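The structure under discussion appears below in the form of structure tokens.
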Amino acid sequence: MNILVVKTPEELAEAGYKLIEEVVKTKENPTLGMATGSSPLGIYAEMRKNKLDTSRVTTVNLDEYVNLPHEDKNSYHYFMQEQLFDHLPFKQTYVPNGMASDLEEECKRYEGILAANPVDLQILGIGENGHIGFNEPGTPFNSPTNIVELTESTRQANLRFFEKEEDVPTHAITMGIGSIMKAKQILLVAMGSKKAEAVKELLQGAYSEACPATVLQRHPNVTVIADQEALSLCSEAIADEHRQVFTISDLLSDSRVGETAN
């Protein structure tokens with residue numbers, strides 16, 4: 001696991017963008033796994049600013065709320081249109097359909113999309129309880145795309161995006177942990193002290209379904225970009241346990257970057 005420590009959100013955004021740019025430029029028809037929420041906003045802004053050529057890029061999104069219309073400003077369909085899809089010409093874009101009449105069939109359909117479009121680079125944030133996507137503690141590590149009931153802590157964390165608590169959806173469709181782990185490369189970004197406990201578990205905790213992010217300990221090609229606050233609870237020996245890089249150039253010089261992981 002690579003760890004790149006940054007000082008500011010701007011540095012995180014630039015580093016994340018450079019990693020995406022490398023994949024897009026070196027793969028013939030790349031597939032990017034996209035995340036939503038506040039974590040990737042700076043990265044998406046860099047993609048817009050630099051007018052990244054996404055004409056060969058397919059995207060697959062991690063998740064979507066159930067029963068939230070696509071045109072709702074809090075839906076992830078709307079989020080992706082606003083952040084990227086209305087600004088850059090992608091080859092193809094996929095977001096789970098939380099309005100589907102048969103949600104179980106939608107999950108199967110989305111698994112088929114993932115099988116047909118293997119993810120070259122998956123972007124992830126990390127929840128305060130260690131969730132990735134909407135995969136909460138206790139989710140089986142081999143889970144496929146599925147329907148989940150959102151925990152109260154996750155709903156509270158997302159309340160800031162809604163006018164009132166009762167507007168926050170109770171369920172979502174999410175790529176499963178097993179689906180996420182099929183990505184050839186994973187980029188996880190974390191900023192701020194609120195993520196410190198989860199990042200500590202990710203890097204130093206036991207491999208356990210009690211903290212979904214710890215599954216990444218078994219993935220062969222993970223990069224964590226985090227600030228000092230997010231790493232503040234980690235031991236001083238963390239750089240010895242993982243490969244710490246100090247610039248994005250150091251990271252891109254790693255021969256594994258952009259390669260297919262087994």
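Just so you know, glycine gets a Cβ as well, placed from its N, Cα and C.
Marked as active site, proton acceptor by Swiss-Prot on the basis of sequence analysis: Asp63 (among others). Remark: Asp63 (active site, proton acceptor) has Thr36, Tyr76, Pro96, Gly133, Phe134, Ala172, Ile173, Thr174, Met175 as non-local neighbours, by Cβ distance under 8 Å and separation of at least 6 in sequence.
According to Swiss-Prot, the active site, for ring-opening step annotation covers Asn129 (among others), on the basis of sequence analysis. For the recorded site, Asn129 (active site, for ring-opening step), the DSSP three-state label reads coil.
Residues or ranges marked as active site, proton acceptor in Swiss-Prot (evidence: sequence analysis): His131 (among others).
Per Swiss-Prot, active site, for ring-opening step is recorded for Glu136 (among others). DSSP gives Glu136 (active site, for ring-opening step) a coil state; it is part of no helix or strand.
Note: the CA-CA distance between Glu136 (active site, for ring-opening step) and Asn129 (active site, for ring-opening step) rounds to 8 Å.
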